[in-house]
C-alpha cells in the first residue's frame, strides 16, 4: 500500500487547534472510505509526557499498547475509528534517546553524530513506519513555526517532501487571522509573516487553514492567496464554533477533502457525514441537564481531565441530556466539608497522583455512599472509595494506601511490585524505582461479576480497558471487605487483581481501576459513563418528586 502524508504545522501563536483540525480532516477522509491514521511529533525533550505535570501539559492519553502520549491522540481516537499506538506519538527526547543508544552500540561505525542527517533520518524513519498500512497519514508537528525546538522536525518533513514527491505529500499550515475591532477588519499580515518563516526553511504550504473568531471574507482570502502563493481554493476559513464536532462539516463545505483527494490521485466515494450530523443534532437538542461534581486536584486546567470531560459529554448525548461539570478542588472539600457537594446529581472522582487533597476525595466518596448519590470512581477514584469503605464500614480505622501512608495499620491499597515493560520483559519495582514508564499500562482484559452493575453496563461478562497506575487493591483485605458488603465486580484476566468495585444496595456506586474515558467516543459513547449519567438523571428526577 502506498501511503500519502499530510504534514500539519502551526504559526503565529500556539493553541490554534492543529490537533482538532488534523482529526477533523481525518474524519472526512475516513468518511470517504479511506484508511487514515494520525501522528503527533512533539518537540520537547521529555521521552514521553508520562511524568509531566497535568496542570502544565494536560492529561496523559494512554493507548491500547500502553504508550503514554499527548492528549491530542485522544482527539484523534474520538474523531476516527483507527486506534492509536506508540508509533503515533514521539518526542525529541525519544529520538535523541534512541540515536544515542545506537551510537553507544557502535551502529554508526564511528561517525560524528549530528542533527542532520542522524536525528532527521531517525525522525523520517518513524514517520514512514507510523504511516505504513494506511491510505493517508496525517502528521501534526507540535509547537509553532519559528521555535528552535521544532526545527529538526520541520527539516525532516521538508526532506520527506522532496523524497516522496508532490503526489505523496501535502503541507497544511494553520495560522491566526485576527479581527481588530478598532479597524473593523481582519488582519492578514501575521499569516503572511508565518508563511514567510515556513518558506525560509524550505517548506511551501499547499493549504492554509485560517483560524479566527469569524469567517474570513472572500476578498481577504484572495489577498492571502496572492501574498502567500497558495491557490485561493486552498485558503480555508476555520472560524470558532460552539462544538468541535461541527468542524468536519465546516472543512467539507469548503472542499478541503476534494483538494486532498485530487492532489493524491485517490479514487473514493463522497464523504458520508451522517454520523456526525447525528452527534451535532443530539448535542443541540438535549431534554434536560444534569450536574456532575468532578472532585480532583488539577481542576485549574480542565485539559488535565480532557478525556473524562469529553466522555461525560458523550454520555450526555446517549442519554439526551446536557452534562454540566462542576469542578471541585478536593482540598476545598477537606476545608469546607459536605457543603461544597450540595446540589449535585452525581460525583466523579478521576485519577491522580500524590497525597495532596486525597482526604477530600475520600470525603466525597463517603458523601456519595451515605446519601445514595451516584458515584463513579476512576483509578484513584476507585482506591479512595475502597479506603473510605474500609474505614467507615469494614471497621478498619486509619486504613489507607501505602502511596500516602506507609505506616498505615490497614494498607488496603499497595504498590505493584512486578510489571512487564514495553519490550515484554518482567521488571521488579520498589519505592525508589523510576517514575517514568513504570506503571501498569495499556489495555487489559477484565472479568465481570454476573448480575453486577458493571456486567449490566457492558452487556457481557468481560471488558477490555486501559490502565495507568502503580498501586492496586491489597488482596489480603479482600475477604474482610467482601464480608462487610463491598462487591468486587471486576477482576483481572488471571483473576488475581481487583479491577472494579461497587455497592450492592446503592442506586449506582461503581468504580474501576482502569481509565474508561480513553475509549469513549462521541459516536459510540462508553457503557460506564452512560450508566453513570443515566443514574444521575434518575437521581435528579427522584429529588424533584420529593
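Positions of Cβ are set from backbone N, Cα and C atoms, glycine also.
Not measured: the values here are computed from a predicted model.
Cross-referencing 72, 107, 167, 303 with the ATP binding residues that Swiss-Prot gives (15, 16, 17, 18, 19, 20, 239, 240, 241) picks out 72. Cross-referencing 334, 403, 450 with the L-glutamine binding residues that Swiss-Prot gives (352, 380, 381, 382, 383, 470) picks out 403. According to Swiss-Prot, 14, 187, 188, 189, 190, 191, 192 bind UTP; the candidate from 223, 246 that the record adds to this site is 223. Cβ contacts within 10 Å of residue 187 (CTP binding site), excluding its own Cβ and spanning all protein chains shown: 15. It is 380 that, of the recorded positions 148, 379, 380, has its Cβ surrounded by the most other Cβ atoms within 10 Å. For residue 189 (CTP binding site), other Cβ atoms within 10 Å of its Cβ number 11. Using a 10 Å Cα-Cα cut-off around residue 223 (CTP binding site), the binding-site residues 15, 17, 72, 140, 190, 240 reduce to an empty set. Counted over every protein chain shown, other Cβ atoms within 10 Å are most numerous around 72 among the binding-site residues 72, 240, 403.
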